[in-house]
Every structure is written in C-alpha cells, then in structure tokens.
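K.L.:
Sharing the record's features from Swiss-Prot:
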BINDING   75, 76, 155, 183, 203, 204, 205, 243  pyridoxal 5'-phosphate binding site
MOD_RES   206  N6-(pyridoxal phosphate)lysine
BINDING   328  [2Fe-2S] cluster binding site
ACT_SITE  328  active site, cysteine persulfide intermediate
C-alpha cells in the first residue's frame, strides 16, 4: 500500500490509463492532432471523426441522441450555459427561476448573477436528508417560472434527487428542467429517453476522464433554445464556439464508454468498500451520517464527528486525502453551506469530513483510513474540554458563554 491514500474521488478522479492512452494518440505529429473544423484535408476529417465518436460515447451512457450533446470546458460552463442561455432566450416568457440552497456554486453564483440582471430566483430548502422533493418544487412554481435547476446527486453528501418525478411535474407545467449530473454520471443510471429533463450538465474529470472538458445535453424533442455565452466561429451549432480539443473529447468519450460497461460491477465494489469503512468507524460515539441514509450513492460518505474540530481532524489524517465540504469551497473555514442548509448546527457542520471512494480504492486503504480516523477522533476528544463536559452529562447547548 502506498501513502498518502486518496479518498477524495468526489473532488476529482485520476484519469483511467485506458483513457490516457487514447488521449495520447491525439497529440503528436504521428497522431490525430488536426483541427476538427478543418474541412479541406484528411487531418481535419480524422479529428472530426474522433470528436463525433466521443459525442456518440457520451450520448450512449445517458441514452440520448449524439446531436443533443454540446461540448463545453466542464460542468461549471455547462451550468452557466444552461442557466444564462435559457434565461436570456426565454425572458419574454417569464423571469422566475427555481433552484435549491445546496446546489453547486456554479449554479448558485450563476443564479445570483441572473438576479443582478433582473431575474427572480427562489432557493428551495431541502429536507435534512439533502433531498428536494417534487412537492417542494410544485409549491413554488408560478406562471412566469421558466426554469427549474437541481442537481441529480449532491457533491457533498451524495444524496440522490428523484429527477424522474420532478421532470414529470415540470414538463406538465411547460417549465424547462436543468439537472447538474456531474456527480451522478457513471454512478447512477441515466436514461434521457425516459427522463423528462431538458438540459443536463456533465464533467469528464468526475468519471476518470481529463479535466477541462464537459458537456451539456440540450434536448431536441421538445426542442430547447439557448442563447450562447461564448461567441466565435459558430462551433457546436452556434451554442459554444471555440476549437474543439480532440484529445480531451476522445478522453471524455472513452471515460463514459468505460463507465457504461463497468458501472454496475464498480458500484457493487464501491458499496462494499464504503460499508466496510463505515462498519469500522461506526463504533465511535456521537457519529452522524450527513445526507440521506437510503437515497445516496455509495461513493460518498459524509460524516460528522461531534466534539471534534473538522480542520484539526483533517490535519491529523496527514496520510489520507479527504475533504471538508466541496473542493471548490474547502479553502474557506466557513462551515459547509450545504450542511447548514440541511439543518446541521455549526458544531456538527464544522466537524464533518467527506470520504469518497473510487475505482482505484483498495480494501487495504479503507482499513488503514478507518483505523487512523478512529485513532485521531479519540485522541482529539481526549484533548477536548467539551468532550469531558458531554461525558459528564452537561448539555453544552444550554451553556451561556461569557466574554472575557
């Protein structure tokens, strides 16, 4: 076993060696390096063929038409294109958008920007299991609502929204539905022939593909119109200009093709690893699982260790790569906005760690990590006066702290 151990697969995944090989074949002078938009010679034709093959591979994982896949630089850009593209195109129809308080910052910050432009956004409060229900959405739908944007799987707590039921609701009301599927692609089955979803964001680097490439599914039936946010040579049917990076696209396509073949077996293996880890740490007192106990992906285990400061715990686990909150916001010492929205108090939100398991995680690594977590939590609690008070039966929430 090699140290340090990587248990932060929800932040990013390493590129699968099979993917890296396919990408390398598109870089050098002997490889497929041409510009896919070059129509006048074989180098361009071969590159375009590789791009279209990648488009087909992405479409096959989610059962969509390849023509519904638009290449972007990642899920952040896909989210921006979906929200701004819909808002700007359909603003004469209405200016109301619905999302939730626990979305990724790529959706929340885009929604804030649209508010500055005069759109009205309703931010739903999920249940404490991290799930937004169809009833919650229905309660705030209005005649001028043009878009509902919700994630499929939450990046911090791994809970799964029932996007099938929410899609039925939005479609029946004539409201567009955007789903951020960055954390669900390759983990949860997605069938866009059945789901009533109009737009869906994807990222390659959460699925063992390269960083810097993603896609946006844009439905053709019913047809969804978008106003572009990046202008130029009119690539991607005018929705997203810019020379297509053949090697990145080939990488994303191969990563999604592997996910399609191996998802079922991989999910079972990762569930076994996650259960094995949880079983070993579950003897710790005052341990809380964040998010849904049932509707969740096995890859993500977000735990709060009461009376332990999360940052201290992270520092104590120096050979184990885990995170508190999402990678995009984990540099701040603020407690996770997601856990706060789920109703966790500051103390529990501050004591949370996200463990995420993946394709290259081994049983040996899981056992080592569980042992180190137990040792660190017990040691930090020994040093904590709050833990002593809790063990003595003092209700800490009732204490009036006096300022010196």
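Yeah, the Cβs are placed from backbone N, Cα and C, and that goes for glycine too.
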K.L.:
Within a 10 Å radius around the Cβ, which one of these binding-site residues has the most neighbouring Cβ atoms: 75, 204?
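P.N.:
Answer returned by the neighbour count: 204.
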K.L.:
If you measure residue 75 (pyridoxal 5'-phosphate binding site) to residue 206 (N6-(pyridoxal phosphate)lysine) at Cα, how many Å is it?
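P.N.:
With distance taken Cα to Cα, residue 206 (N6-(pyridoxal phosphate)lysine) is 10 Å from residue 75 (pyridoxal 5'-phosphate binding site).
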K.L.:
Determine the minimum-neighbour residue: among 205, 206, listed as recorded positions, which Cβ has the fewest other Cβ atoms within 10 angstroms?
P.N.:
205
K.L.:
For the binding-site residues listed here (155, 183, 203, 243), which one has the lowest count of neighbouring CB atoms within 10 Å of its own CB?
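P.N.:
Fewest other Cβ atoms within 10 Å, among the binding-site residues 155, 183, 203, 243, is found for 243.
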K.L.:
Between C-alpha atoms, which of these binding-site residues comes nearest to residue 206 (N6-(pyridoxal phosphate)lysine): 155, 183, 243?
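P.N.:
When the Cα distances are compared, 183 comes out closest.
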K.L.:
Which residues does residue 76 (pyridoxal 5'-phosphate binding site) neighbour through Cβ under 8 Å, counting only same-chain ones at least six apart?
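P.N.:
Within the chain, residue 76 (pyridoxal 5'-phosphate binding site) has Cβ neighbours under 8 Å at 104, 106, 214.
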